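*Asks:* Below you will find the structure I want to go over with you.
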């Protein structure tokens, strides 16, 4: 049986651009793409923490080191520059593969600097 698990995410990324007339996609700093284990043209889910919007698009590369998170095309209507978003990618795998799988989690600060990377999320306290 195949199950779907979180593969990688950028947590609390700040939207730096919203380009309505650019080809639809999400441009992400190439360094962030590598840290989160994402790929160019990979499908991603975007969760807008500021307005609750949730939508799908795909990754395109932005200049490495630029800290760019740009929502393009129709996705630009779902955000405002400055919004904080979670960008997530998922992967299907067997249960046996899932037993040893670890996601790549990248936490960003308010300026899109990497705060930390990890492969676990602490248990939520009651």
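Cβ coordinates come from backbone N, Cα and C, glycine included.
Reproduced below are the annotations present in Swiss-Prot:
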ACT_SITE  25  active site, schiff-base intermediate with substrate
ACT_SITE  58  active site, proton donor
BINDING   57, 73, 74, 75  substrate binding site
MOD_RES   25  pyruvic acid (Ser)
*Asks:* Can you tell me whether DSSP puts residue 73 (substrate binding site) in helix, strand or coil?
*Replies:* helix
*Asks:* Among the binding-site residues listed here, 74, 75, which has the most company in the form of other Cβ atoms within 10 Å of its Cβ?
*Replies:* 75
*Asks:* At the level of the C-alpha atoms, what whole-angstrom distance separates residue 74 (substrate binding site) and residue 25 (active site, schiff-base intermediate with substrate)?
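*Replies:* Residue 74 (substrate binding site) and residue 25 (active site, schiff-base intermediate with substrate) have their Cα atoms 8 Å apart.
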*Asks:* Which chain-mates of residue 73 (substrate binding site) that are at least 6 residues away have a CB under 8 A from its CB, listed by sequence?
*Replies:* 19, 20, 21, 22, 23, 24, 25, 57
*Asks:* Centre the Cβ atoms of 57, 73, 74, 75, go out 8 Å, and tell me which other residues of that chain have a Cβ in range of the substrate site.
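*Replies:* Going along the sequence, the neighbours come out as 24, 25, 26, 55, 71, 72, 76, 77, 78.
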*Asks:* In whole Å, how far does the CA atom of the residue listed as 'active site, proton donor' lie from that of residue 75 (substrate binding site)?
*Replies:* 10
